[in-house]
Amino acid sequence: MGTPLAAPGLLLLLAGTAGLCRAFFSVPLRVSHPVAPGGSPPAPVVLRPASGSRQQDPLGGADGLALASDPGGTLNFLAMVENLQGDSGRGYYLEMLIGTPPQALNILVDTGSSNFAVAGVPDPDVTSYFNTKLSSTYKSQGIDVTVKYSQGSWTGVLGTDVITIPKGIYGSYTINIATILESENFFLPGVKWHGILGLAYDALAKPSSSVETFFDSLVRQAKIPNIFSLQMCGAGLPVSGSGTNGGSLVLGGIEPSLYKGDIWYTPIKEEWYYQVEILKLEVGGQNLQLDCREYNADKAIVDSGTTLLRLPQKVFSVVVQAIARTSLIQEFSSGFWTGSQLACWDKTERPWSLFPKLSIYLRDENSSRSFRISILPQLYIQPILGIGENLQCYRFGISSSTNALVIGATVMEGFYVIFDRAQRRVGFAVSPCAEVDGSPVSEIEGPFTTADVASNCVSSVSFHEPVLWIASYALMSLCAIILLVLIILLLIPPRCQHRYTDNDVVNDESSLVRHRWK
């Protein structure tokens, strides 16, 4: 981009020595994002709320694709437009009515986990909770469940109750619900939601995959198509603002008014998280030239519950170097890239022009082709807070990860994302609300050839959490058996043991030296 120029607008880097960041910024830089919890799954318990058997969807089959609303039926997609509130810093939430009589709660929308859980007791960081004693339709299953995240965890009890979504599908439905009785760093100060709606596959459900997920219950009971779509409208807005940014969760199909241009689909590689295949990354139009397997180590997922774009450590380092090299800033503190410092400019200036575009290539449904989704700096250089009357501070909306590439809210705010579970694919289209100062901040282009990348960028060996549990417990059982045998041998009475005398001669002929294992 030519000779780097000094950035006169870069007035301040909030460093620890100055202490300024602490004085004006108390909201955590990252909201916890779900990863699969540890622990052992109990024996499978089938928890399927009572209702009729699964039937074909009236709009072309339960597995069909709904592209238009049915105002007189279960689905009215227009009624679901702008049914979300929130921001990328603390998540987007949906209002839900739970129990009889109904109790109104805000529920975080999370495509990176599979349990539906709400606060079941008072908590200092939540304004409301679900009081099961006040609901005549609540039924406890008496099964404890614990879910751990990369930051935070909760423990609760499984049960069932009826739910209604005021700005969702029509009707009330009986759903598995976990009431959270204890939590640690799960409900954060300032959040406006009281529970979490996990929309991933049942493979991630706790305590076992036999717990029917929220969306599977809706598909079965309401007979809606097995598809939902998500739009989050926080581009260019403070990530920890008033929480009034809009968004839409469309259950059962696609709302045409929520996207522009074509929808580009990439296959779902594995049905646990929404795992996809990343082929390459570009910064400022320049290929990073990494092996495509680096981008998928050990998985690449689409997760609305993760606030940032998270990259495997090696990829993150290369991306930071490329951004620093192509930006118009000669010197930039390393603390900004790691998330420990904020960068501040005069409020009259827009720092986004100093940074390059970032592009992610995904494999198309036609495996010989790919398409790319691109985000402009307005999505990854994110406003946080103002200092006084003159300064606006920003954070870096990309972070490193030890176990995944996560397409989180930083990227998703630029697109209308379709989770087409029926056809095992995730779709991306440009979102009309992804604009800053009237200009689009996201792009989709394609198709491109995949001749320059490997035919498969995802490891053929995929160790999902349930498989790891089985393997770990098998090894633990084996170790326990060996330990038990050793203890028994140590406790054998001395009289049962042979005592050598002077007449006993141990030589090479009678020892294992001669009869050793070959």
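Heads up, the Cβ atoms here are built off N, Cα and C, so glycines get one too.
Because TrEMBL annotations are produced automatically, they should be read as predictions rather than curated entries.
Fair warning: this is a prediction, and the values are worked out from it, not measured in the lab.
Record features, source TrEMBL:
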type     : residues      : note
DISULFID : Cys233-Cys433 : disulfide bond
DISULFID : Cys292-Cys457 : disulfide bond
DISULFID : Cys344-Cys393 : disulfide bond
DOMAIN   : 92-429        : domain 'Peptidase A1'
CARBOHYD : Asn366        : N-linked glycosylation site
TRANSMEM : 467-492       : transmembrane segment
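Feature annotations (TrEMBL) mapped to structure.
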residue : record                      : Cβ contacts under 8 Å, 6 or more apart
Cys233  : disulfide bond              : Asn245, Gly246, Gly247, Glu413, Ser431, Cys433, Ala434
Cys292  : disulfide bond              : Ile278, Leu279, Lys280, Val453, Ala454, Cys457
Asn366  : N-linked glycosylation site : Pro447
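Considering other CB atoms within 10 Å as the measure, the emptiest surroundings among the disulfide-bonded residues Cys393, Cys457 are those of Cys457. For the disulfide-bonded residues given as Cys344, Cys433, the lowest number of other CB atoms within 10 Å of the residue's CB is seen at Cys433. Mean pLDDT for the domain 'Peptidase A1' (92-429) in the predicted structure: 94.
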